[in-house]
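Chemist: First the structure, then my questions, so here it is.
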Amino acid sequence: MSNNVKYPSTMDLHSSNNILGSLDIDDNISILVVNFNNSGEIDRARLLKYVSLNFLSRYSNTPRTGSAHKHLGISLKTFLISILISFVYFVFQFLVFICIRIKYKEMYQIHNLLRGFVEDGKSQSPRDITIFKRFQKKFFDWIKPLLKSNIEEYIETCGLDTYLFFRFLKQLTIFFLCLSFVHLPILLPIHYFSNKEEAKKLDFTTGNPKSLDKFNMSNISNTQSQILLIHLILSITVVIGYHVWLIAEMQFIHSNLQQEKYLGKYQNTLYIDNIPEHLHGNKNEIIKYFSCILPNSVESISFFPKSCPQVKILHENINKIDHSLQAHAIDMYLYKFFKNIESLNGPFTKKQKLSVLKNKLKFFLTTISKRFCFTISIEWINLNYCGSFYIPLLKFQKVSFQSKSLQIFRYQLEKYYKLREIWEEMCVNYKSYPLFASFSNGRRGNNVVSYKKIIISFKSAFQSHMFAQILQSRNINEWNNILVGPNPKDIIWENMNREDTKRGIAQSAFVNVIYIIIILGWILPVACVGLLTQIEYQSILDPFLSSIKIPSGALGDLVSNLLSIITLIFLIEIVPFIFNWLAYFKSWKTKAEVQIDTQRWFFYFLFVHLFMVVTISSGIYFVIEKIINNPTIIATLLAHELPKSSNFFCSFIVIRCLAYAGGTLLQTKDILLEIFYYRIFVHSPQRKFKRMQSFITISWGSAYALFSVFGCIGIIYSVLAPVILPLCFFSFACIFYSVKYLFEFQNNKENVSETYGKLYIQAMLHLYTGVYCMEVCMIGIFALSNHGKMSSVMILIFILTLMANYKIYELYVCKIKHPPLCSFKHIYDATNGDTTNLNFGLIQDLQDLKYNKFEVPFMQKRSPLKLWMVYDTHNCYKDDIRYFKSNFEVESKTQYYAINNTGNIVFNIDTPEE
């Protein structure tokens, strides 16, 4: 036979016309009949190899295999280019961020503004300092405090969940760094040099490995499968390392953080649902009930009136009118200011004139509805030549800006006082503003006006936790749905009016069904990711698609690589909002419970779609079908599919985390809103300041779930593809410092949805999923390579992991979620004294601890209406203050905000307060 093979010209990439048909032998074997021009001499052996490796392999990545398999065989060049593009985009976001953070200080330097220190970009350095030093001070002076700040400071300022999130990222970074030092020097040489002579591969791979595949487990030849013993040892090392880390963290939480929980603001408070009928509305009997167990323990009891939703809506409407009054007042001031700006502050330079013109234009556009107002009147005109005959004549008269503003202001003010009077009357009916004390003599009246729910405050946190455990062990139909330490700002008051427990259970079950439907139904859009990566192969089968020019080589691989990853990121981003919204219908009483529920279900979703579906199949139904037909196939399925997806996840983790880090720093959505909405349409100092106070909002439930899944992926591929370990280290480090910037320079509010470590514990336990998948995969790999002893050892490790999981949950998790009462003694020793015996005498001493009084936000006593004006050096604001005081009897103040000569309203902590 000739050594020169003449491959058929028709057998090219687009060869749909050459396929005559196919025949399915069974579920795993199919015959493809191909027609080609048999002209010239052909080396049939080499032709068979050509067809097998370069033609039929194109059909292995069908939509029924994972879309991640498209990345099997990806070249190192393509991989590095995709990472480089993501890194360049991250650098671009970073450069934009360091430039605009100086201009938009109210977004990026909130803490500095409130502390009175602002980086304004103007160097105060002496002239002998080099230009480089000035440049460094101007743009990068924030990096040093960011690196040096201690995350433990966030416990007091931002809450325990915030601190534990940073600790979670930090521990993941250290964990993958340690694994990198252990695995990379051992596994990379083994994987790279194992198949030097192109020996036959293990059964869990197909095709020849290219470039990046040489660094993962798919490159191990069948003749050298004895080196899998090293993988067994390293797998055991990963399992042991994870458990050492997990136990250390559980001990840390149990020993060091219980004090933070007991000393929380509302830890002496209990929410209790379904109080017995004979105690409903009877304060004295309820106090007597608890005093039988522990005398003199109840501080106060609050009932929930049935008018609670109406009071909340009324309070929200009052706040809206308050904001409207503030906006109209500042509009009237700015109208006079811009009208006289040249006489007050002129003459201007060209740059100042441009700034004045811009501010005038913005103010004109935002108040255009007040500038073209007319009144219509009818005037009867006598026609002299027709005797006493009159005709109507419409008369239009323009209303001035100030007149229209005053008219609206007067109307809104009357409405404000009317609604406030109704609201105050409803609050007075319950004896006092902060408490729902609706029964003055302790007995309920003829008409029951409250729900069968109470908020009861005890004299110490010990007592509230003790009664919580006692009540939870009693009748499940009464004194149930107990919450310890609910923050009134975190309570979902709309869910408080749901009394029917059976209805609530049914509603929660229905929402859970919707969750499952979303997880299964989301396969359709995720499958589209698989279709995007299969266009090249579909064009082989479809003559229409074959006419489309598809990029080939590195460019085509790059496009399909980035396109599938970016599409998957987009699909993942919108799911937490759906889950968060649905969680409100599950009758959760607090937003903290919503976060815990969102974390749980979002983790399930991410793991199923981001890992199982993308890795194993673009349709989970196909996976379920396989498992139902043959349950023992799970280990083989993972062993067959996981190594082929390693390249995808190496790219995905870096691209996703760089996008998250860059987006967290730049905050594209918020900066666009700031530029195109708030800077143009919002002039009120009140709204500006409230935006500063509530600028950063992070859903900790979805954040924990996302990085738990990334941690699982890193653990799963720590042995299969050790290249992922340094990528995980780099990615988590970027996330750590990008999120840290938010809380170091921007976040300025407490976390009212505090779970006291429940999110962190759940995230740590979610990593068990990655450990289990790694163990099952290794069991399958050892079985496929005919190493029964290794497989048996791995099965034993799997069983021991299950036992360890149960034991850790029993020893640590249960005690952390429901801490034993004796643990409170250690807190007392650390705070109040040195008591060695826990007794009821100690309980009385602990009453000295101060806790926040439970106050319902929308029933607290409101301060009188006070307009927030802006300060100016010409004292024009004083005229408006006097005007509103004399004509409307409304007080005004100036604080934090001033207007400069060109009309910009700027924040200044040193603004005189009047």
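Here the Cβ of each residue, glycine as well, is placed from N, Cα and C on the backbone.
Just so you know, TrEMBL annotations never went through curation; they're auto-generated.
Heads up, here are the entries from TrEMBL:
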DOMAIN    79-246  domain 'CSC1/OSCA1-like N-terminal transmembrane'
DOMAIN    508-782  domain 'CSC1/OSCA1-like 7TM region'
TRANSMEM  79-100  transmembrane segment
TRANSMEM  172-193  transmembrane segment
TRANSMEM  227-248  transmembrane segment
TRANSMEM  509-535  transmembrane segment
TRANSMEM  562-582  transmembrane segment
TRANSMEM  602-624  transmembrane segment
TRANSMEM  695-717  transmembrane segment
TRANSMEM  723-743  transmembrane segment
TRANSMEM  764-784  transmembrane segment
TRANSMEM  790-809  transmembrane segment
Chemist: Mind pulling out the one from 172-193, 695-717, 764-784 with the most Cβ pairs under 8 angstroms to the transmembrane segment (723-743)?
Modeler: 172-193
Chemist: Should anything in the same chain at least six residues away from the transmembrane segment (227-248) have a Cβ under 8 Å from its Cβ atoms, list it; otherwise answer none.
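Modeler: Residues 171, 175, 178-179, 182-183, 186-187, 190, 194, 217, 220, 715, 718-719, 764, 767, 771, 774-775, 778, 781-782, 785, 787, 790, 793-794, 797, 801, 804, 808, 812 contact the transmembrane segment (227-248) from elsewhere in the chain.
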Chemist: Using Cβ atoms and a strict cutoff of less than 8 Å, what residues sit near the transmembrane segment (790-809) while being 6 or more residues removed from its termini?
Modeler: 228-229, 232, 235-236, 239, 243, 246-247, 250, 765, 768, 771-772, 775-776, 778-779, 782-783
Chemist: Mean pLDDT over the domain 'CSC1/OSCA1-like 7TM region' (508-782): what is the value?
Modeler: 80
